[in-house]
Each structure stands twice: as C-alpha cells, then as structure tokens.
C-alpha cells in the first residue's frame, strides 16, 4: 500500500484520475473552453441583446397610445383583513405592509454566530490564483519504435504552438499584488506577496515602483534576503487592465516592456531587520546558502528587508526542434548570472587618530536634540548566480487561468523529493541512472523526433531524386 501511495504521488495527475484521458486531450479541451469563454465575453461586451428586439416595421409614433387603467381590486383582500382585525379585538393583530416585526434577541445571537462561522470558513481572495503547470507526461524511450496508437508524450505542435520559459529559477511561487496608496510611490508600502495555495501574506507590505492595481505571477528567490530579487514569471493585471485575457507571447512582451519602463528601485541604506511574517520565518528555504561570489564580509553583512529587483524570466517563442536541442534545453540547465546593487554605508570617522579641537560649550538644554545625519549611501554592483530549476512550456494561444492547468507544462531538471522518494521515476519505478530525470528524458525525445523528421525529409528528397533520374532515362 505504501508503494502505491509513493507511485501515485510521483505519477502525473491523469494516471490517478482517468487513464483513458491523455494530457493532449485535456489540453485541447481546455483550449476550446478558453476560446468559447473569450467569445462569450466579447459578445457580452458588445451588448447585442439590446438590439435583438429591433425591427424595420412601422414606427411607434403611428400607433395610438393605449391607456392602461388598473383598478383597486387586487388590494380589496388586504383592506378586508385590516378592517376585520380592527373590529374583532380578540383576534391577534396582523402585521401591516409597513410594520416591521420586532426582532428577538436570541435570533440575533444565532445569526451573528452563523455569520462568524461563515466568515471563518471563507477562503482567501488570492488563494489558488496562480496558473500552475502540470508535469509533462512523457514516456520512457526504452521501447522504439512505439506501438501503434501510443505517443511519446511530446505535444504534436511543439514547434509552432508553444512558448518556452528558461531558465526557471529556484524559489517560492507567489503573487505580487499592489494597491492604491496615499503617498510617494516607492516610499509608502504598496506591494504585498501572496502565497500560491492559501493566498496568505509571505512578507509584510513593502514599497515598490509598480503601479497600483497590478498583479504579477512571481517566484520569490530562495536567497532574496541576500540579493533582493523577485523573479517575474507572468503578468495578470497591470494598472487595473486585465492582461491575463491576452495570449502568451503578448503577455510576456508586455511584462518585459513595462518592467523596463519602471524607474530604478534603490534598496534602503539602513535596514532595520527582516520583514518576514510569522508563518514565513519558519520555512526552511530562508536558511539556504548565499549565492554571492564575492567573499567580502562587509558585503555579506547586508540583508534586504524586502525585494527591490523585479527580474523577468527569459522566454523564447522559437521552439523549433533544432533550437530546443541546441539552445533552450542547455539554457534550462545553466546557471544564470545577473548583477544586483547592494548599498554600502561608509563607516563613521574615528576620533582616536585626530585630537578633538577645542570648542566653546553651549547650553542647549532647552533646544530639542537633533539626530545625526544618516551616512551617505554608496551602491556597489555584485554578481549573483541563480540556480535553474527546469523548463516551462506555455500554449501560445492560451490565456492566463488560475489553478492547475494542462495549458502549461513543467519539465524539472530533477525530482525534488524526500530521501525515500528520490529513487522513483515518473511512473513510480526506480531508475537505473540519472539519465531518467525529466529534462534528460525530454531532451532525448526531442532529439529522437528531430532525427526522425530529418530522416523523413532525406527519404522524400531521395525519392524525388530517383524519380527525376527515371524520368530522364
């Protein structure tokens, strides 16, 4: 029983729910549902129902206006009840239309308890709003050629209908949400990070240069306390405009263009300490090793109180098989090198080297004490190594939808699991070597499809050459 649970934990969702429905089928159905909902939304915005009753018949002015006269017959029964109740004093008084019933105290208490119970059970507004990718269901390449009716799991339109995102950094998935704040942009806290599953706040609100009413799909870097990086994966809303309804290439282009237009965000020179919430400070991913290549103790002493760098993750619209094999897949394994700005505060001047100059004592007991001016802030650029976690694939024609969706596929470098589950493959079996990792298997399947397509082209060209030679003879 324990083995079955471990196998189902590692297996893709379709092998658990329905073995007869493939991921390709569910992906096509989800895309058709999106197209239908998009068409319905466009039709409702046009308000075509308002023109449905219009006709080219005679004008309403030519017809005589009919006067509708309505009597008081429907109200006779109500008048009779009120009069009979006034004549018979022993009968209980009936409530009129405008008389309000006196509420009982017990009912108010029960209603309040019910309201409190409903409020406690109400889910968070931002819970499960990220578009979470499914693990790509790819088959092992031990059997070749594949039996009739069986596919390798790669999308049929991989070269023309997909967008690749690589390298995807290691971190925690979240939503960056901004709200309208009364104050200077970049000074007043206006941004909060919401967790993917429960929608809870990961850190306390912090200032950023993002415009209000903006929602970004992000990955909080594991070492954000050391580098201040928040990776931007996708854009859902920008300045109140729903960008999530657009197709994938446009969303990624909009993300890069708008983030490049933002002014530079400077980190605070004197951070007061960590700005973690109580629930986030217990997570183990805050205690990982730092990624700075510089070993200066002065530079490592600085900790970012909140993310200051919104770094977009590179995307690639060219998903041809040669480009995937030679560029995108190696890029998904590589370490991304970026530079971040870290402030350095100049140390206060030492008073031991120079004698204090004589000065006149002035009585300032009545004047308020003025704090010393802050030390000048000096920014230095440091290289940061960002570890890759894998490769993401998005359907090009799909829009952004919350929850787990087959319109986005995830291909990790390795399976992150506990020590007991590290030796399990996608189908629940134990691999013989590291070559069965998802990204390695994906690369071999891409290479195999590339070789097969080239062989078909060579066969067609050889057949054409033979036909031309026969025609010449």
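Every residue gets a Cβ built from N, Cα and C, even glycine.
TrEMBL lists 14-23 (among others) with the feature compositional bias 'Polar residues'.
Look at TrEMBL and you will find 24-46 tagged as compositional bias 'Basic and acidic residues'. Residues 14, 151, 155-156, 245, 395, 397-399, 401, 405-407 of the same chain, all 6+ positions outside the compositional bias 'Basic and acidic residues' (24-46), place their C-beta atoms under 8 angstroms from a C-beta of that stretch.
The compositional bias 'Basic residues' annotation in TrEMBL covers 108-119.
If you look up TrEMBL, you'll see 272-293 (among others) marked as compositional bias 'Polar residues'.
What TrEMBL records for 7-46 is domain 'Snurportin-1 N-terminal'.
Per TrEMBL, the feature domain 'Snurportin-1 m3G cap-binding' maps to 154-262. Sorting the domain 'Snurportin-1 m3G cap-binding' (154-262) by DSSP state (H, G, I as helix; E, B as strand; all else coil) yields 18 helix, 43 strand, 48 coil.
Among the features that TrEMBL reports, region 'Disordered' is placed at 1-123 (among others).
Annotation comment: TrEMBL describes 264-293 (among others) as region 'Disordered'.
The region 'Disordered' annotation in TrEMBL covers 345-378 (among others).
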The correct DSSP tally for the compositional bias 'Basic and acidic residues' (24-46) reads 23 helix, 0 strand, 0 coil
